[in-house]
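These notes are about the structure you will find just below.
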Amino acid sequence: MTPALTDAERGFQRSRVTRLRRPPVWVATVVVVAVAAWVLFLADGAPAGAAVDDPGKFLVTVLDGVTFAGLLFVAASGFTLIFGLMRTVNMAHGSLFLLAAYVAIRVQEAMVGRSRNIDPADVGLLDWLVPLLAGAGVAAVLGLAIQQVFLQWNEGQEMRQTLLTLAITVVLADQMLREFGGLAQRVVWPGAVTHFFSIMGERYAVTRLVMLGIAVLVGVLLWLWLNRTSVGMVIRAGVDDRQMVRGLGINIRRVFALTFLVGSFLAGVGGVLGASFAGAAPGTDGSWLLNALVVVIIGGLGSLKGAAAGSLLYGTVVAFSPAYLPSQYSYYAIIMTFGLLALVLAVRPYGLFGRPA
Amino acid sequence: MSRLRRRASLALSVTAGLALLAAGCGGGDDDSTGLPADQQNAAGEGDGSPSGTGDGIRLGILGQCEGPFGGFHEDVVAGTTLALARFAGATPNSTTSALEGFSGAEVAGTPIELVGIGCGDDTADRIVQEVRRLVEQLGANVIIGPLSGDEGIAIAEYAKANPELTVFAGISGSQEQTLQVQAPNYFRFYGDGAIWSAGLGDLLHNQEGWDTVAVIADDYSFGHTSAAGFIADFCAVGGEVTHRVFPPLGTTDYSSYIAQLPNPDEVDGYFWAVGGTGTQAALEAFVNGKGDLTGDQHAGNLFFNPDLAQALGTDIAGAYVGGFATLPGDVRTPEIEEYLAAADETWETIPGSLSGNEPAPPSVAAAFGFFYGYYTAGVALVESLEAVGGDISDLDAFHEAIAGLTLDLPYGDISLDENRSGIVDVGLSRLVLDESGEVVQETVAIVPGVDQTFGGTFSPDTPSPGRDFPACEERDLPWVGNAIPVVDGVPQS
Amino acid sequence: MNLRERVTGETLALAGLVLLLVLLPSLATAFFVNFVMTQTLILGLAAATIVFLARYGGMTSLAQLLMFGIAGFMFGNAALDGGARGLNLGWHPWAAVVFAIVVTTLVAFVLGAIASRTTGIYFLMLTLVYGVIGYFVFAQIVEISGPGGITSIQRPDLLGPPVRLYYAGLLLSVLAYVGFRAIRRTAFGLALQGVRDDPVRMASLGFNVPLHRALAFTLAGFAAGLAGLLNVWWNGQIDPASISIGPTLILLIIAVIGGISSLEGAWLGAFVYVLVFTYLRDLPLVDRIGITEARFNTVIGVIVLAIMVLSPEGLTGIARRLPVRTTRKELGGTRA
């Protein structure tokens, strides 16, 4: 250990070291240009065909990517918020996501008055919004409880906190299987938004745009909260230098608790959106934890901007690779998604907007 | 340097170890005496049963208590228990759960003792460990299970390596476990994933007039197998499969895969074999990208079963569904009534998966395939014991007796082919809305005598069903034209 | 003087343990040896590579089960002949062993090199993503596995009887333990620990920091590959689910139970895990309080939770804190 070096100095030196070796930057540029050329002009053998030949399919794929990115952003924003301030990797994020979905499903079933084959026409706006708030609320309270009981007293021990939340995940997954069973369930979109419109001859669903709209709303509210309120400023200051915030006499514990509450609430909102979009079942928790991880690794842990950029990039790759890989390779689309990660990390080990911890 | 040190420390370990030998032995003895005690504890749960293990049946059941089918743990154990309660005099230890075990089971003077219930998690690794625990620690000599496809292959391999064991498969749907593995002591008294799609192609091509179809299925063994059965059947009668799309498991956004399907005006219909959350998510992506669902343009494997896919919207009504071991609830023969009534008499309630693991009448679980597959295995165990007079000392004779059984079962007779896999009746159905607006199944036909080779499409020498196999070829299928129509739940034979 | 006494005491205890394990097959039931202890040694060896990386390199890796799996898949591909899936190269088993280990080590080097600039939580997450990529590679590329995995894998004739597999596990475990301890004092090991404590200073002293991390990762991958070979011989099959996110986390949990910074803790953690997995549900009491076998994961989760609340150093950490026969002075010495 070298007490002579402060964290900041160390980070500075390290980033200088990284900057010195950056041949991957131009590699990444070449890859991006090549991919764009392929998608636009060359992709004849792909299921969707080259973009200049079939602009409708291209546009739909872009929309698919952007709208899915909205869902990804909601799911990842709480995760990155918590990490940014507290340096806690909340492995229970996926569990909170799934729990909120299950709670919302139960509430919606009770409100609509039936438990299976619910038709969107029978679902009013309130029958969706109330479950959303109920599910996210339960996730927020549980998240806060986890933070108060298991994380508050060992602040700063990142690995220990990570493993604690991991253990909680294992328990929660098992208990949710016991309570909610193993069958796939879903939250039903309200009838008011299950419409379609036509764009360049292709049909498109309003629900996907609703998803994107909610994501934008969440993003804007978060931005306002972090940039226009005093609490938000404390949080941002805490992201930069926790010691200093504490030194200023601010009760950072309360800020931590609040952040965890908001982060878990966002996980819950993501869960209800996700369950409306793709359903919920055992295993959904793991895959959404992974989605959130991928987004924040690409974007950089702890950065809201990074979460937005990471969601867009990840969503785009998810939408484009099955459509624009040559047909015989389309089975490898999902591997492509993670190839993106390797590419980003080769250029920027801490993600697009991240900084060394 | 380091080599020297290592040698020194090894030499040290030997001397040190010798010095500690006495203490070590003490500890070891504790371990070894502790273990058999554990065994007796577990074995003694079925109280009152004779402790002589020489010629009794020591039964182990392999279920799944975790993973996607974790909710069916109670169902499958109850299935076997019901068979033993009906035909071997077993009494369940609890009136509200099958997991507590049973006592008093005996066939032709041979007691059947439940030594343990294995707890799988839908992976082959775990089920192998569970079966080893049942067999090597608890001394099971008969296994009933497992539940899912890849598990079946692993258990069949285990059976092959342990010829003294007798395995009745539970409800695992992979083809290979019997067709390729060929373990002489592994018996399956139900169909497989391909068989459950049989007859659907015939019906859709010859009755509904589909000439072309697009297939979309999960990209793993069971999706491949379901699709393979449908493709083999649909192509055999002259249909054409224009597209095969296999989204990977764990896909969240299906839109890019749906985009690879043809539009509704370019193809006569679609066959779906997408399970879990994907069943609904993929259909919704279809509605988003391709147009409204018109039920009669769609068909699916058992993933469309409304008991499994309770989240499906009502617009799927009209779709055809393949079979899954039992028949939908609209068919009520006296044998079925008797079977369901027996289930309700055996327990007060069973917290099965279809009731969300809440207590419900046992017949709810009993009418579904998971319960029933384990039930047929239990019946096969009882009848084979009767056939050999309760004497299992000659294993070859016991296995021969099993292979020769024809079971008279509520949902149709079942016998085995030369690979010890079931030749079964497959019930095809259609999704309709009942008066309360719920999607239910209405049986449309029963296809008798389906075996897993599909007239030679699948054999021990062909590859496993996959993304490209089988090819689309016309061929003679033994069951084409034999389907028995079902009208208002009454088979017209 | 004091130093030598301490080393001898600790070595004596471990040597006694090894001797006990050598004699175990004649003391315990076949199931205990061939199932419980063999699995303990395999998982312990794999978890020890996590501990090695964490303790000497400061890197908590979730990719060790991937290395474990790659070795298994590669052996299956190379050794099988005429199976339903995989390459079916039909090589001699020992050639397949060499192939599997070489491939695993190479992959470990490449992945280690890519990850070598990240540390701490970032490294943890990046290696988790490695694990997921590995899962999809084997699930999607049917030429080398496909979703059904590779079945009917036979072990080499030399290891035919199950008890020999146990001894192989014991031998490799002892070698890995001694080897990892020995590396600590080599030039490479000292540099690696320097990199763990202060990468910037090591870099300015002229050490190639990323290379040291990558090489440590490679070495850990090699050892995990050995464990992976034992595992496919023990299990007879491997499929993508064997290396999915669930078992990946389980392996980390095993390392954590034992104590993530103590090498012997890896095997202790594996032993506890396998014991809980195998015997817990046999206790009559467990049924009565409502934790049936069906809630096994809850039990494991609560155990990990309790251990992490009590001590981040796991069971070995808890044991060290207890005032047992050894004196505190000696314990302090062990840490230094």
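Using N, Cα and C of the backbone, Cβ positions are placed for all residues, glycine too.
Automatic, uncurated: that is what TrEMBL annotation is.
Keep in mind that this is a model prediction, so the values were computed, not measured.
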(message) For the feature transmembrane segment as recorded in TrEMBL, pick the matching range from C:65-82, C:191-208.
(response) C:65-82
(request) State the residue range annotated as transmembrane segment by TrEMBL; the candidates are C:12-33, C:298-319. (result) C:298-319
(message) Tell me if the transmembrane segment (C:298-319) touches the transmembrane segment (C:65-82). I count contact as 3 or more CB pairs below 8 A, with pairs 6 or more residues apart.
(response) no
(message) Within the same chain, where does the transmembrane segment (C:40-58) have neighbours whose Cβ lies under 8 angstroms from its own Cβ atoms, ignoring anything closer than 6 residues to its ends? I mean 6 or more beyond.
(response) 64-65, 67-68, 119-120, 166, 169-170, 172-173, 176-177, 180, 183-184, 189, 192-193, 195-197, 212-213, 216-217, 219-221, 223-224, 226-228, 230-231, 234, 251-252, 254-255, 258-263, 265-271, 273-274
(request) State the residues, same chain only, that lie 6 or more residues beyond the ends of the transmembrane segment (C:94-114) and have a CB under 8 A from a CB inside it; answer 'none' if no residue qualifies. (result) 63, 67, 70-72, 74-75, 78-79, 130, 156, 210, 213-218, 220-222, 224-226, 228-229
